[in-house]
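Enquirer: Once you've had a glance at the structure underneath, I'll fire off some questions.
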Amino acid sequence: MSALLELQSVSQRYGDKAVVNDMSFTLQQGEIACLLGSSGCGKTTVLRCIAGFEPLAGGEIQLAGRRIASVASSVPAHLRQIGMVFQDYALFPHLNVQENVGFGLGKLGRSEREARVMAVLDVVGLAAYAQAFPHELSGGQQQRVALARALAPKPQLLLLDEPFSNLDVDLRERLSREVREILKSQGTTAILVTHDQHEAFAMADKVGVMHQGRLQQWAPPYELYHEPASRYVADFIGQGAFVPGKVTGPRCVTLELGEYCSAVPRQFADGDEVDVLLRPDDVVHDDASPVTAKVLGKVFRGSEFLYTLQLDSGQQVLAQVPSHHNHAIGEPIGIRLELDHLIAFRRQPA
Amino acid sequence: MSRLHTLVIPWLLACLIALCTIVPLGVVMLSALTPDPAIWSHLIEFTLPELFKNTAIMLLGVGAGVLLLGVSLAWLVAVYDFPGRRIFNWALMLPLAMPAYVMAFAQVGLLEFTGPVQTWLRPHFDTMRWFPEIRSSWGLVLVMSLAFYPYVYLLSRNAFATMGRRALEVGQSLGLSRSQGFWRIALPMARPWIAGGLILVVMESLADFGTVAVFNYDTFTSAIYKAWFALFSLDTAKQIASLLVMLVFVVLVLEQRSRGRRAYAQAGRAAPQPRLPLPGWRGWVATLAAGSALLLAFVIPMLQLVYWASLDFANQFSSDFLGYAWRSVSLSLIAAVLVTAIALVLAYLVRRQGSQAMRNLARVATMGYAIPGTVLAVGVFVPVAWLDNQIIAAMGWQGEVTAVLKGTLLAMLLAFVARFLAVAYSSVDTAMNRITRSHDEAARNLGYSGWALLRRVYLPLLSGGLFTGVLMVFVDVMKEMPITLMTRPFGWDTLSVRVYNMTAEGMWDQAALPAIAIVLVGLIPTILLSRQRDVA
């Protein structure tokens with residue numbers, strides 16, 4: 001399998017300010033990727049560079065083995081065969097759904113175009129709305145029209161810029177699943193940009209976490225959660241707390257909560273001071289445990305509580321506890337470490 | 001407070017205000033229902049064919065001209081970046097400050113046979129026959145296009161600024177080049193705004209009186225004036241006026257139709273996007289294009305006016321001039337305050353009453369802005385003259401008195417209320433809409449109602465809108481020509497009347513100083529408008 005899209009050390013700047021810095025990744029045919037990061041991290045700029053709306057300040061971009069952008073030359077945006085779904089959808093208010101979707105099919109004959117439009121509308125489940133105007137549709141329907149319009153010309157690559165950010169939470173979850181199914185059924189290679197990690201995990205085969213214009217990690221969601229490559233990613237993805245520990249022997253790390261003994265990454269030596277990431281499910285409530293912690297705060301989540309606990313040293317950790325264990329704030333409860341995979345970083349001087 | 005007070009008074013007030021528009025319009029339209037066969041056979045044979053032909057040429061030519069100028073300049077300034085763009089962004093609206101009739105005589109003076117351009121060219125050519133005659137339909141179209149393009153420019157620039165570059169990007173993502181994107185996406189999407197600007201231009205052209213007078217080009221407005229003041233046939237004037245009103249309504253209906261089912265809620269929610277740079281020579285071509293439009297439409301005519309005024313400044317800047325200026329300023333101020341006060345009452349009534357009927361009444365009352373001044377002048381004069389006769393008969397003054405209200409300031413002010421109520425109303429109403437229901441309720445809760453509420457809560461919050469309303473009406477009355485000319489009290493020559501009288505004689509240099517005064521006053525709202533609407 002060959003890479004459909006390849007970015008090699010892509011950089012982009014506005015004036016003196018570097019917005020994207022030395023960004024490289026590859027995307028395989030049929031994969032869905034997601035660029036994840038807080039606002040202003042440069043993720044939308046990367047998308048716009050790929051689309052051809054922004055010139056590159058460094059590096060190059062290849063699509064299907066052909067160089068489409070470098071500092072010296074670039075293929076004009078309209079010849080790249082890259083589709084885009086815009087954040088505000090940018091539907092044409094003066095055209096109805098059918099005309100919007102058929103807009104990029106100017107090269108086809110009339111009957112072919114109509115057939116393609118209806119086929120795509122069928123895929124997104126809007127065949128009944130072909131004659132409607134955009135303002136007559138709900139937000140979710142408009143979003144699907146925008147998707148259909150971008151899919152209709154069969155782009156080699158589809159870009160989606162914060163595609164669900166204008167929708168409410170319920171709709172966002174449902175649509176992100178639907179859109180993934182549609183893209184997969186069409187075999188479309190796609191990149192979406194979002195600041196919402198749930199959306200990224202629901203949609204993407206590969207997720208790229210960006211921070212201050214740099215790609216922090218490019219990996220499948222599972223890996224991102226369980227093997228974060230940097231402190232930033234560990235902090236940004238999921239919940240958890242860093243607690244101090246000390247490497248004791250080749251296989252063990254000692255923490256205030258207890259000892260973890262399995263495999264310690266090779267870069268650490270005996271006696272190293274480390275910070276260990278504890279996810280809420282790594283800390284288990286156990287009345288029999290000798291270690292206790294005081295309940296500082298709790299969030300009820302239906303089937304479970306998320307407790308914020310304070311250890312004797314003042315260190316705080318999060319614990320996910322089945323919701324029939326209802327403890328009052330201030331109450332000490334017994335906890336036990338149940339860590340089956342160590343995520344640790346060398347201690348940073350305070 | 002009695003029930004009668006709260007129920008009847010608001011409606012009475014609103015009806016009175018609406019009558020200022022309904023009566024003049026009704027008088028004119030009724031005359032269409034009672035046509036005089038003798039007048040009509042004369043009109044059909046001698047007058048109307050030329051009026052329709054001239055009007056059609058004017059509207060088609062000016063329409064094409066303002067579209068070309070307005071849309072292309074707006075696109076350039078809204079989407080691209082080039083040297084001087086920030087200045088052109090607002091400077092291209094400056095022609096709004098110069099009434100078309102001022103532009104007209106400045107350009108005619110520049111380009112006619114004895115003007116500086118031909119005088120300068122003459123030694124270099126054997127003959128000047130090839131030089132187009134400025135006093136012709138193409139000259140009129142040129143001048144009006146230069147004077148009126150800012151309406152299209154202003155509206156389409158705002159539309160392009162919010163969605164212009166985005167439209168290009170959507171097009172590119174669907175395989176369209178930039179120029180295809182302009183024609184197939186940006187232009188159709190901006191169509192409602194472009195059409196809105198175009199409709200304003202068509203209305204202005206239909207209502208124009210001073211420009212066609214300079215060109216001696218007969219349209220409905222000048223025909224009304226001539227029928228009344230040259231042939232002394234008020235009935236003929238009324239009949240022609242009724243035709244003009246019908247023409248205006250046709251335009252309004254066409255505008256409503258053209259929107260149809262396609263509701264263009266907003267051009268785009270996206271914030272204005274960074275502009276596309278035009279590097280190298282292409283940027284300078286853009287600068288040249290925008291610069292020549294600005295030169296032709298404002299700078300050169302302005303310089304010509306200043307030159308004329310300077311030739312004979314000591315003589316012109318006389319007590320006569322100060323008299324024109326004083327009458328213009330005082331008349332404009334009285335009209336502005338009166339019209340804005342009426343607009344405030346109307347807006348307050350609509351808000352307190354809130355019913356659909358009251359809203360419709362307000363719509364009727366503000367309809368006068370679409371009605372040409374010449375029509376309103378006729379429409380106000382006729383009922384006032386009738387009223388005069390009734391009063392004279394009732395008081396037994398026959399023979400001693402011929403006019404009571406006729407030819408007074410009051411009659412003229414009534415016509416201004418009809419014509420400019422919409423101007424004041426829109427700024428007052430905009431400000432009023434910013435006062436929320438909870439402001440009202442909070443004040444009531446604290447014990448204020450009625451006039452106290454208006455004085456303690458509304459007036460302070462509305463002061464900005466009221467100021468804008470007064471300013472806009474002030475400037476509009478200052479520039480206004482036909483109503484002032486046709487209904488002014490004896491001896492009440494204002495700046496615009498002076499301009500008319502001098503240009504009617506072809507004495508351009510004598511018209512320059514009053515014209516400059518009008519342009520300077522016109523600059524105030526134009527600059528305010530450009531600051532306010534400047535999209536970064």
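For all residues, glycine too, the Cβ spot is worked out from N, Cα and C.
Whatever TrEMBL says is automated annotation, not expert-curated.
Here the structure is a predicted model, which means the values were calculated and not measured.
In case it helps, TrEMBL gives these features for our protein:
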| type | residues | note |
| --- | --- | --- |
| TRANSMEM | B:7-33 | transmembrane segment |
| DOMAIN | B:52-255 | domain 'ABC transmembrane type-1' |
| TRANSMEM | B:56-80 | transmembrane segment |
| TRANSMEM | B:87-110 | transmembrane segment |
| TRANSMEM | B:137-156 | transmembrane segment |
| TRANSMEM | B:193-215 | transmembrane segment |
| TRANSMEM | B:227-254 | transmembrane segment |
| TRANSMEM | B:284-309 | transmembrane segment |
| DOMAIN | B:325-529 | domain 'ABC transmembrane type-1' |
| TRANSMEM | B:329-349 | transmembrane segment |
| TRANSMEM | B:361-387 | transmembrane segment |
| TRANSMEM | B:407-428 | transmembrane segment |
| TRANSMEM | B:457-475 | transmembrane segment |
| TRANSMEM | B:511-530 | transmembrane segment |
Enquirer: How about long-range neighbours of the transmembrane segment (B:137-156): same chain, 6 or more residues beyond its ends, C-beta under 8 Å?
Expert: 54, 57-58, 61-62, 65-71, 73-75, 78, 92-96, 98-100, 103-104, 107-108, 111, 190, 193-194, 196-198, 200-201, 204-205, 208, 211-212, 215, 217, 293, 296-297, 529, 533
Enquirer: Are the transmembrane segment (B:7-33) and the transmembrane segment (B:329-349) near each other by the rule of at least 3 C-beta pairs under 8 angstroms (pairs 6 or more apart)?
Expert: yes
Enquirer: Can the transmembrane segment (B:511-530) be said to touch the transmembrane segment (B:87-110) if we require at least 3 CB pairs below 8 Å and skip pairs under 6 apart in sequence?
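Expert: Contact between the transmembrane segment (B:87-110) and the transmembrane segment (B:511-530): present, because at least 3 Cβ pairs are under 8 Å.
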Enquirer: Taking the transmembrane segment (B:7-33) as the first stretch and the transmembrane segment (B:227-254) as the second, find out whether 3 or more Cβ pairs fall under 8 Å, excluding pairs closer than 6 in sequence.
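Expert: Touching, yes - the transmembrane segment (B:7-33) and the transmembrane segment (B:227-254) meet the threshold of 3 or more Cβ pairs under 8 Å.
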Enquirer: Using a Cβ cut-off under 8 Å, which residues of the same chain at least 6 positions beyond either end of the transmembrane segment (B:193-215) come close to it?
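Expert: Sequence-remote neighbours of the transmembrane segment (B:193-215) are 55, 58-59, 62-63, 66-67, 70-71, 99-101, 103-105, 108, 135-136, 139-140, 143-144, 147-149, 151-156, 158-159, 187, 221-222, 225, 244, 247-248, 251-252, 255, 258, 267, 370-374, 481-482, 485, 496, 499-500, 503-504.
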Enquirer: Do any residues of this chain, six or more beyond the ends of the transmembrane segment (B:56-80), have a C-beta under 8 angstroms from a C-beta of it, and if so which?
Expert: 88-89, 92, 137-138, 140-142, 144-146, 148-154, 156-158, 160-161, 164-165, 168, 182, 186-187, 190, 194, 197-198, 201-202, 205-206, 212, 217, 219, 275-278, 286, 289-290, 293, 535
